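This report refers to the structure that appears directly beneath it.
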Ligand code: ADP
Ligand code: AMP
């Protein structure tokens, strides 16, 4: 199954992607995670991406598209993949379509996790992520068992630099201007599906499984 996860920052894409990837045995490809790994390793890509990310802006399309194409050519993507945080612009979506077309593949569904704006700020400012494996927690809605430590790998939980109130507002603005048009883009292709992303994480996941079950048939 080839899936794109759409939704505003803080919608729960990373949280649900982890569950979907485990259940359907497909790799979870998060461009944000790829950039963060490069930042922590201080690679040239990381150094370039950091200035954009810290300000809530998008990393330029040419850079991002190249990274995703390289990743999709890896062996583990042959039987499917889950894209989280990509595409984020119409240009990225077109480049993805053209790449998949050249490889005689196509997206099965673009799944929108729909969360009203008023939920987002609290979700993002309360988000804590594992500095080792990237797992996402929330101080109130999804706390780790031991405070400050990842349940999965014991790594230290940190707050992302771009999860401050000012940067979150900028990212929501960027989402409205540059990413939201993708909803219509995939509607026009007749592959958009949507779930309401409010409510408990497990309930949202159940709804996603229902949608993906229908797509898989
Ligand atoms: P995204 O990848 O879309 O930016 P995340 O998956 O990192 O979003 O989720 C953002 C924050 O909201 C995290 O702190 C996460 O634990 C929390 N969260 C995710 N899903 C829910 C939910 N259904 N209800 C409450 N909080 C949630
Ligand atoms: P995320 O982890 O998906 O919230 O992404 C964090 C940040 O990484 C974004 O605010 C952007 O600066 C950058 N980023 C992630 N994915 C993309 C993308 N597809 N295009 C451009 N920038 C991206």
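Heads up, the Cβ atoms here are built off N, Cα and C, so glycines get one too.
Following the DSSP three-state reduction, the secondary structure of residue 137 (ATP binding site) is strand. TrEMBL lists 10, 11, 12, 13, 14, 15, 127, 136, 137, 199 with the feature ATP binding site.
The annotation Zn(2+) binding site is assigned in TrEMBL to 130, 133, 150, 153. Sequence-distant contacts of residue 133 (Zn(2+) binding site), defined by Cβ-Cβ distance under 8 angstroms and a gap of at least six in the same chain, are 150, 152, 153, 155.
Look at TrEMBL and you will find 127-162 tagged as domain 'Adenylate kinase active site lid'. Counting only same-chain residues 6+ beyond the ends of the domain 'Adenylate kinase active site lid' (127-162), those with a CB under 8 A from a CB of the stretch are 10, 14-15, 18, 30, 33, 36, 40, 53-54, 56, 168, 171, 201.
Under the heading region 'NMP', TrEMBL lists 30-59. Same-chain residues lying 6+ beyond the ends of the region 'NMP' (30-59) with a Cβ under 8 Å from its Cβ atoms: 14, 17, 67-68, 71, 84-86, 88-89, 131, 134, 161-162, 167-171, 174, 178.
Looking only at the region 'LID' (126-163), the predicted model's pLDDT averages out at 94. As annotated by TrEMBL, region 'LID' applies to 126-163.
Checking the binding-site residues 130, 133, 150, 153 against ligand 1 with a 6 Å cutoff on the Cβ atom leaves no residue at all. For residue 127 (ATP binding site), applying a Cβ distance below 8 Å and a minimum sequence separation of six or more within one chain yields 10, 136, 137, 138, 159, 160, 163.
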